[in-house]
């Protein structure tokens, strides 16, 4: 009973404290408690009003009555029409179509071949695959569709341990090319650091089989750096190919930030140099992407470095970000600037220069000018068109 009375007294006392004017001491302690509670209590966030905001920013009832509603453009539509919000007009291309395009695509699927045209999302696929039979070009990617390196600009899949090379790939590739009747074919490859030879003998065997089935076709191989193993570059240079290509991709200062750490600027130069030293009649070729933040001085120095090793062909193209996971575009270079670099490179003595926003390493590979130069060089050095028969089988067994 005593405990009950005390409890009741406390209840009454508390109720009196609430409803009577508090003393100064109680007011101070209560105000401090209120401030502490406010700090601990999470702030109430304002509810999102996306729909309401969009409705309020749109045309009003008066706009509809006066007929001005049609003049108020939707923000998305405005972005489509604003060149600053979208890709520049010179980077837009038509949708691929045509009989030649679909024939090439069908054979690629049937023979289970990979093409860099598709893997790298090349914007010129419609023009290259859809060209006339003698002018069409295709870039077949050998040694699988998965690379052991991870360059920040490239959309090709990466893996430390990709699948083993398909032993039937050289034969299937040669068969596809003989079907298409191409005048010029480009073979490219992923980097295969997991293979002892970097895939050099596999590439060389593919070139040999193509030349056996269709000796009239000119073959360009866009190879890797073989981790700096120049003996493997020699194997590829002796395979019977017509154009030996290896891309620098960018200027020396940006190479560590753009390419995989295993690829270096000087290493790439040494590969091109070894190819030319192995066979002087070979056309050597490289490509540079612009729009990565390079300076004019850096580009000019790169061209000088290439001329010192007698590189014949250089191409310039705009870097275009494949996905949001890749490095951003620093600048969209204008067509006029590409023309400037074409003229500059030609004045420096390059045999041929392709320069434009949509130019890629294998773009316009079938230019009649390059074909004529290759055939003239072949004639001058007394080479027979049967290059495949001249290849020593031992280079594939080394």
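Numbers run from 1 along the shown chain.
For all residues, glycine too, the Cβ spot is worked out from N, Cα and C.
According to Swiss-Prot, the transit peptide annotation covers 1-32, on the basis of sequence analysis.
Swiss-Prot lists 117, 122, 128, 362 with the feature [4Fe-4S] cluster 1 binding site.
The domain 'Radical SAM core' annotation in Swiss-Prot covers 132-351.
Annotation comment: Swiss-Prot describes 147, 151, 154 as [4Fe-4S] cluster 2 binding site. The Cβ of residue 151 ([4Fe-4S] cluster 2 binding site) has 20 neighbouring Cβ atoms from other residues within 10 Å, across all protein chains displayed. Under the DSSP three-state reduction, residue 151 ([4Fe-4S] cluster 2 binding site) is assigned to coil, being neither helix nor strand.
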Request  = Report, as a single number, how many Cβ atoms besides its own are within 10 Å of the Cβ of residue 147 ([4Fe-4S] cluster 2 binding site).
outcome  = 23
